[in-house]
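J.: After the structure tokens below, expect a handful of questions from me.
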Amino acid sequence: MEEGRRGDREAKSAAGWTALSTTKTTLEEKRRLQANGSVGGDAGTSGFRRIVRLFFACMVAGGIQYGWALQLSLLSPYSQTLGISHSYVSLTWICGPIAGFVVQPIVGYYSDRCTMKMGRRRPFILVGCLIICISVMIIGFSADIGRHLGDTKEHCSTYTGPRWSAAMVYIVGFWFLDFANNTVQGPARAMMADLSAGHHGPNVGQSIFSLWMAIGSVLGYLSGANGKWHEWFPWLKTAACCDACANLKGAFFTAVLLIVVSMTVTMYLADEMPLDKQDVDTSGGGGCAVFVDLFKSLRNLPPAMFKVLAVTAVTWLSWFPFIQYNTDWMGREIYHGEPQGTAAKADVYDAGVREGAMGLLFCSVALGVTSFVIPKLCRRLTSKVVWSISNFLVFALMAVMVAVGMVSMRGYRPSLAAGLTGPDPTLKAVALVVFALIGIPQAVLFSVPWAVASEVTAEEGGGQGLAIGVLNIAIVVPQLVIALTAGPIDGAFNKGNTPAFGIGGAFAFICGVLALIWLPKTRGVSNAAVVAGGH
């Protein structure tokens, strides 16, 4: 009897998070009607036309991912040109985990209950896209704004010192950008589930979403690797904004254009059915109740789920050095550039950053290809073996990056002739190969942990909402740890990226062992890898 009562309590607790992130059964019926009637068209509409319309209704995901790719590849290096030291760059990224943990659940809660005539999801997509456009313009023009707020009037081609006003403007824009990204992505993904619920099914909707994210990533990294924006549009250059800064402006101008176009297409084609006020589920107690119920559910998680959370946390600890410093490593260790050095040094650094963006493009391609293979591998080898192998591969690739960085810097001295600056062709080629290969374990990172968590919670009576909620905690906490400790570690090793990659490789090796020992045997996997990692 006691076991039965305990099982009831656990089932209720596990269902709590899911209940807060979904609507009543009548709403699910409306979702199916909406999919059949709006995007799907009438009964006479061909299946091909329905799927094409559904495809373009998700176009906003590509526009958002384009901007996210620019953020990942260009903003850590750019922040250092404004005077933010290498050891404090990680602190500018601390808003990511905060936004992912706080904004997404709250936006998801209220988008499920929105009764505007535009629909449940489109109001949040519209507002989020507008904030993203404003944010990227603030970032792109931060140097010019800082000059008007009191920064040096010396020309950017000769000035090598900090520009603190510009740095503060940049940080404000960066934080707004992260919060806006999280405002859009949750409702956009939920809308695809709404619109595909009838004719196509949720797997088709999520596949289209992932495909648009892949397209956005490839185009974004191509834009970041382009060093011709300042030549095509000379007016981008100002006394406060030289070549590298002007290239950043040009890339972000295209981001605004793509976001506006993709948002307009989505707003037009995704004809949502408005939600009636009487159908709104008001039993949750408000958006903040999401977090209360989530933490209550932690008390009744199955033991296997705690092991999944631990392995997930260590896995993400191994990845953050690469995610934050990938293009900076290419600019510093491989190209021997300096973001706040002389004009020649800054140009070399910028060339390395753009080469790193090209490497991230290769990474995205490898990620997309690998995502199609992962389900078969998981069914054949089990998910935990695939997860473990991916961590050992990260360990090997991080070791190669450490070795390449050390070899590149060993014979280099800044005081030597200018002919020694720039990359060694062989080392540059190896670095690009590493960037491409790391897309393979990244595909595992963005799919397998979610699938394992979903299976473990489902076996104990929980749901997808519970799995996503608790797994977010395991991702957010290590991000905060890295953001707060990366500075002191960086200072202890004289501002290089190589030690950070060494630490990441050590965590990857530990996680590879833990995955084999701790994780349960599961063979399922999510439908497609998510191209955008982290928060």
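Even glycines carry a Cβ here, placed using N, Cα and C.
According to Swiss-Prot:
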- 1-53: topological domain 'Cytoplasmic' (TOPO_DOM)
- 75-87: topological domain 'Extracellular' (TOPO_DOM)
- 109-122: topological domain 'Cytoplasmic' (TOPO_DOM)
- 144-163: topological domain 'Extracellular' (TOPO_DOM)
- 185-203: topological domain 'Cytoplasmic' (TOPO_DOM)
- 225-249: topological domain 'Extracellular' (TOPO_DOM)
- 271-302: topological domain 'Cytoplasmic' (TOPO_DOM)
- 324-354: topological domain 'Extracellular' (TOPO_DOM)
- 376-384: topological domain 'Cytoplasmic' (TOPO_DOM)
- 406-429: topological domain 'Extracellular' (TOPO_DOM)
- 451-465: topological domain 'Cytoplasmic' (TOPO_DOM)
- 487-498: topological domain 'Extracellular' (TOPO_DOM)
- 520-535: topological domain 'Cytoplasmic' (TOPO_DOM)
- 54-74: transmembrane segment (TRANSMEM)
- 88-108: transmembrane segment (TRANSMEM)
- 123-143: transmembrane segment (TRANSMEM)
- 164-184: transmembrane segment (TRANSMEM)
- 204-224: transmembrane segment (TRANSMEM)
- 250-270: transmembrane segment (TRANSMEM)
- 303-323: transmembrane segment (TRANSMEM)
- 355-375: transmembrane segment (TRANSMEM)
- 385-405: transmembrane segment (TRANSMEM)
- 430-450: transmembrane segment (TRANSMEM)
- 466-486: transmembrane segment (TRANSMEM)
- 499-519: transmembrane segment (TRANSMEM)
J.: The transmembrane segment (430-450) vs the transmembrane segment (499-519): three or more C-beta pairs under 8 Å (separation of 6 or more)?
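T.: Counting Cβ pairs under 8 Å, fewer than 3, so no.
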J.: Relative to the transmembrane segment (355-375), which of 88-108, 164-184, 204-224, 385-405, 466-486 accounts for the most Cβ pairs at distances under 8 Å?
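T.: Ranked by Cβ pairs under 8 Å, first place goes to 204-224.
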J.: Six or more residues beyond either end and a Cβ under 8 Å away: which residues meet both conditions relative to the transmembrane segment (385-405)?
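T.: Distant contacts of the transmembrane segment (385-405): 311, 315, 318-319, 321-322, 329, 333-334, 374, 377-378, 427, 430-431, 434, 437-438, 440-441, 444-445, 448-449, 452, 496-498, 501-502, 504-506, 508-509, 511-513, 515-516, 519.
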J.: Do the transmembrane segment (123-143) and the transmembrane segment (54-74) share at least 3 Cβ pairs under 8 Å, sequence separation 6 or more?
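T.: These two segments touch.
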J.: By Cβ distance under 8 Å, which residues at least 6 away from the ends of the topological domain 'Extracellular' (324-354) in the same chain are close to it?
T.: 72-74, 76-77, 80-81, 83, 86, 89-90, 93, 157-158, 160-162, 224-227, 242-244, 247, 360, 401, 404-405, 408-409, 412, 414, 418, 420-424, 427-428, 431, 435, 482, 486, 496-498, 500-501
J.: At a threshold of under 8 Å on Cβ distances, which of 88-108, 303-323, 466-486 pairs most often with the transmembrane segment (499-519)?
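T.: Maximum Cβ contact count belongs to 303-323.
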J.: Given the transmembrane segment (303-323), which of the listed stretches 88-108, 204-224, 466-486 has the most Cβ pairs that are under 8 Å apart from it?
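T.: By Cβ pairs under 8 Å, 466-486 leads among 88-108, 204-224, 466-486.
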J.: Do the transmembrane segment (88-108) and the transmembrane segment (204-224) come close, with at least three CB pairs under 8 A (pairs 6 or more apart in sequence)?
T.: no
J.: Which listed range (54-74, 204-224, 466-486) shows the maximal number of Cβ pairs under 8 Å with respect to the transmembrane segment (164-184)?
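T.: Highest pair count goes to 54-74.
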J.: Given a Cβ distance threshold of under 8 angstroms, which distant residues of the chain, six or more beyond its ends, lie next to the topological domain 'Extracellular' (75-87)?
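T.: 93, 139, 142-143, 146, 161-164, 166-167, 170, 174, 244-245, 248, 324-325, 327-328, 331, 339-340, 346, 349-350, 353, 486-488, 490-491, 495.
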